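Peer 1: Submitted below is the structure of interest, expressed as structure tokens.
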Amino acid sequence: MQGSTRRMSVMTDVHRRFLQLLMTHGVLEEWDVKRLQRHCYKVHDRNATVDKLEDFINNINSVLESLYIEIKRGVTEDDGRPIYALVNLATTSISKMATDFAENELDLFRKALELIIDSETGFGSSTNILNLVDQLKGKKMRKKEAEQVLQKFVQNKWLIEKEGEFTLHGRAILEMEQYIRETYPDAVKICNICHSLLIQGQSCETCGIRMHLPCVAKYFQSNAEPRCPHCNDYWPHEIPKVFDPEKERESGVSKSNKKSLRSRQH
């Protein structure tokens, strides 16, 4: 199987191995996705020229289209790191998590999601989430059990925990953006720059528009005196740093668990 014989919309062993490993991880940063791609070529088609990542993924997506599955690219809300996740397009509801969680666990996630969406900060405190345990559908759940389930959501990359508070992982945003828009139309927040769903971000104190932190960083990158893109009033928040993939490559360090990635590359 040489590179010259590969055609668009044809899944080779390289593509199949890549897809299988991405499914295992659920979501990966771009740096790890590129490493995974190189690994798959090394195993199955060592002499082939490695396709550009965008072309490689588009090829897979063209085959997956009929199955209503897609590899989607997004960015982390806190620092703008590119991520990729395998997304089920056939359903937009939380039911896509049903294979991994019981009914009462899914309802706990739904309660946590509501708190996160309704909050101004994009976070829901563990205390507030656990206080809703008595309202869950299905089998009764103790607070100690609920704490363990929340950690399971974190391990499966549906939630992120920071200092006792929870927010949505980039995987959850990629998978559930349409569901969130449809279910919480009055509470949902949209970024003024990229117009996609916003969970965490900054807002203008004058007109109220919101921006993702990475969008804030890029928009005000060269502005000595940042002003709101909507009302032109002074932007009072600290401007975050722009994620630099070049520096990331130089350091060779990713936030994700490299050991875990290597252990699953087989």
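Any Cβ shown, glycine's included, is placed from N, Cα and C.
For reference, Swiss-Prot lists these features for the protein:
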- 256-266: compositional bias 'Basic residues' (COMPBIAS)
- S251: phosphoserine (MOD_RES)
- 1-102: region 'Interaction with NSMCE3' (REGION)
- 245-266: region 'Disordered' (REGION)
- 191-232: zinc finger (ZN_FING)
Peer 1: The zinc finger (191-232): which same-chain residues, six or more beyond its ends, come within Cβ distance under 8 Å?
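Peer 2: Apart from its flanks, the zinc finger (191-232) reaches 75-80, 116-117, 121-123, 167-168, 173, 177, 180-181, 239-243.
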Peer 1: What does the DSSP secondary structure composition of the region 'Interaction with NSMCE3' (1-102) look like, as residue counts for helix, strand and coil?
Peer 2: 50 helix, 17 strand, 35 coil
